[in-house]
Amino acid sequence: MAKNTLIGGSIWDEYSQKVQDRMNNPKFMGEITEEEAKEKGCKLIIADFGAESCGDAVRLYWAVDEKTDIIKDAKFRSFGCGTAIASSDTMAELCIGKTVDEAVKITNIDVEKAMRDNPETPAVPPQKMHCSVMAYDVIKAAAAQYKGIDPEHFEDEIIVCECARVSLGTIKEVIRLNDLKTVEEITQYTKAGAFCKSCIKPGGHEKREYYLVDILAETRAEMEREKLTAIANAKTSDLGADMSFEELNTIGQFKAVEQLMDTDIRPMLAMDGGNLDIIDIRKDDDGKIDIYIRYLGACSGCASGASGTLFAIEAVLKENLSQNIRVMPI
Amino acid sequence: MKRVYLDNNATTMVDPQAYELMLPYFCEKYGNPNSLHDFGSETHPALRKAMDQLYAGIGADDMDDIIVTSCATESNNWVLKGIYFDKIVTGEKDHIITTSVEHPAIGATCSFLESLGVRITKLDVNSEGLINPDDLRNAIDDKTALVSIMWANNETGAIFPIKELVQIAHERGVLFHTDGVQAVGKIKVDVKDAGVDFMSFSAHKFHGPKGIGGLFIKNSQKLTSLLHGGEHMGGRRSGTLNVPYIVAMGEALEIANKFIDFENIHVKRLRDKLEDALLEIPDVTVVGKREHRVPNTILASIKGVEGEAMLWDLNKAGIAASTGSACASETLESNPIMEAIGADKELAHTALRLSLSRFNTEEEIDYAIEHIKKATQRLRAISSTFAYAPQWHKSGL
């Protein structure tokens with residue numbers, strides 16, 4: 001919240017002149033008939049996207065030259081707000097003269113930018129950015145029909161932020177690579193959530209399948225799980241290869257010591273009828289790691305427990321885990 | 001360019017007489033009415049008169065309280081949160097009943113209370129926008145603290161049978177609040193006859209100023225204050241009194257009540273004329289029977305024409321209308337009332353609300369009819385969802 005957001009204004013004030021002109025007088029509104037397409041030596045494509053129940057629906061007509069794949073003419077009909085009408089009109093115009101493969105590359109960002117009065121000022125207010133998205137989707141539907149393939153062929157990624165066209169994969173990757181901890185950081189790195197903001201969290205002006213807050217929480221949880229798995233692996237296998245003994249948490253250190261006791265020390269003590277328990281592991285202020293043990297069986301009360309046996313145990317632990325280890329019998 | 005204001009359920013023009021009356025209280029008689037000097041006390045006669053006008057205007061008794069608030073939103077918040085502190089947080093009760101078509105001032109406050117653990121039941125409405133009284137009867141249980149049901153709906157204009165609903169609540173010992181904001185000044189509102197325990201209202205809906213309203217509290221009943229502070233309004237609502245606005249509110253209510261018959265004859269006639277003209281257009285539906293609505297409101301659905309696109313065209317012609325709640329104009333969700341009344345999802349995005357006042361003229365209505373028809377024709381020609389259907393082509397619209 002800030003001064004400018006405290007008093008809402010008319011969203012129409014934020015429409016560019018180009019948007020307003022196209023809302024009032026769409027140039028490419030209408031239909032292309034089978035006959036008209038034939039006269040141009042073209043194949044007629046009619047594609048639909050959206051539904052009145054969603055608040056937006058668009059029908060796109062293409063006359064495509066099958067020899068060159070070039071879209072010779074394009075028209076639209078649109079049920080939607082003024083932005084949807086203006087976007088559809090711009091989208092139809094942008095298609096003309098392009099090949100089908102080139103047209104598929106037109107994004108909602110291209111449509112919005114084409115409607116700007118100057119390159120720096122958005123053509124529509126943030127919450128209307130998504131109205132140009134429909135243009136992108138109907139082009140894919142038309143191209144899929146022309147090529148006789150499934151429209152999902154063009155959808156290789158899940159788009160989380162429609163306004164900035166940022167995919168789920170990109171967001172997850174950026175969180176991981178940069179160790180991002182807040183949604184604001186995600187927006188800084190990707191622009192996702194910078195426009196209409198409805199992808200940030202539930203409760204915005206439209207419902208979304210994915211929200212940045214959830215993606216952040218899930219990715220951070222995944223990262224945490226992976227860290228713990230790494231610790232667990234380190235403790236049970238080639239300890240020290242990935243992580244030093246000092247970097248492990250107390251439980252990790254305990255398990256690593258316990259494992260080493262089982263493999264290298266307890267068999268040695270058992271030969272004399274003795275054993276030991278690990279009581280505690282504490283980090284000293286001087287950086288030493290004190291491992292408190294209690295001798296059991298024959299080792300309990302054995303004079304060597306404070307000298308030879310103790311030095312032997314300490315040496316094994318120091319060599320395998322850390323030179324900072326001190327063993328403290330109690 | 002001609003300007004026609006058909007958005008009177010959002011706000012109204014201040015009545016010129018009420019406006020004139022409040023002017024001296026800005027620069028001449030500006031004392032704080034609580035002050036012990038003549039600057040303060042010289043405002044008292046006007047305050048007294050305004051309060052008398054408010055009491056008379058809604059049929060309140062001297063033993064009742066009418067507390068001046070900033071608006072009906074504050075009054076609604078006060079009742080719901082006051083009941084929470086009085087009856088729910090104490091463990092005595094845990095339940096509030098309301099409807100799915102209330103203004104966000106009730107809906108959002110209920111959601112907030114729900115997050116604090118209050119059980120909220122929202123009664124659904126039928127295709128006319130009305131609730132079934134039996135649904136209220138069935139929803140009340142021993143832990144119900146309050147029933148809050150609006151007197152008239154802001155979108156459809158539907159009038160709820162408040163007297164009957166109050167009786168159902170009172171039979172079970174449950175308090176009844178009504179948001180009267182769309183009823184006061186449009187139809188006869190008598191809190192004594194209806195029996196309500198609390199009623200909220202806003203001056204700017206009946207040609208008073210914005211930022212002033214009231215809460216009726218029957219028989220000075222206990223209700224924890226929302227604003228604590230000084231002893232204004234008997235300590236029930238602290239904050240220095242906005243004398244000029246209170247003066248204008250009292251006057252505006254008295255005038256509005258004088259015009260109730262006019263509202264029900266002349267405004268209704270213009271509304272019906274506009275509605276008849278809309279219904280001449282193929283594939284236009286209007287929500288609710290006329291006899292169950294306040295006399296100034298039409299909620300129409302124009303097939304194939306998206307609500308905001310219609311507002312754009314009408315605004316260009318100088319006509320003010322609404323797609324629903326003005327508070328929701330920056331969101332893209334469809335009209336929630338249309339969905340609540342079970343309208344097809346397709347229709348929900350095509351809602352157009354037209355609300356008249358006594359200041360509208362026949363000429364304005366003729367102008368509006370002409371431009372709504374023009375806009376419908378233009379937008380249906382663009383529309384992808386309308387153009388395919390052959391029967392619509394034949395109609396010429």
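FYI, residue positions are counted from 1 along the chain as it appears here.
Placed from the backbone N, Cα and C atoms, the Cβ positions cover glycine too.
Feature list (source: TrEMBL):
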BINDING   A:C54, A:C81, A:C131  Fe cation binding site
BINDING   A:C161, A:C163, A:C196, A:C199  [2Fe-2S] cluster binding site
DOMAIN    A:14-149  domain 'NIF system FeS cluster assembly NifU N-terminal'
DOMAIN    A:159-201  domain 'BFD-like [2Fe-2S]-binding'
DOMAIN    A:257-327  domain 'NIF system FeS cluster assembly NifU C-terminal'
Please work out which residue of A:C81, A:C161, A:C196 has the most C-beta neighbours within 10 angstroms of its C-beta, and give that one of the binding-site residues.
A:C161
What kind of secondary structure is A:C163 ([2Fe-2S] cluster binding site) part of, going by DSSP in three states?
coil
Need the DSSP three-state call for A:C199 ([2Fe-2S] cluster binding site) to compare against my parser.
coil
Beyond the flanks of the domain 'BFD-like [2Fe-2S]-binding' (A:159-201) by 6 or more, those residues with Cβ under 8 Å of it:
107-109, 122, 126-130, 133, 208, 210-213, 215-216, 219-220, 223
Where A:C199 ([2Fe-2S] cluster binding site) and A:C81 (Fe cation binding site) are concerned, what is their Cα separation in Å, rounded?
21
Write out which of the listed binding-site residues, namely A:C81, A:C163, A:C199, lie with a C-beta under 8 A from a C-beta of chain B, sequence order kept, or 'none'.
A:C81
Suppose we draw a 10 Å sphere around the Cβ of A:C163 ([2Fe-2S] cluster binding site). How many other Cβ atoms does it contain, all chains included?
26
Could you state the whole-number distance in Å separating the C-alpha atoms of A:C161 ([2Fe-2S] cluster binding site) and A:C81 (Fe cation binding site)?
21
Give the distance between the Cα atoms of A:C81 (Fe cation binding site) and A:C163 ([2Fe-2S] cluster binding site), rounded to the nearest whole Å.
17
What are the DSSP helix/strand/coil residue counts across the domain 'NIF system FeS cluster assembly NifU C-terminal' (A:257-327)?
31 helix, 22 strand, 18 coil
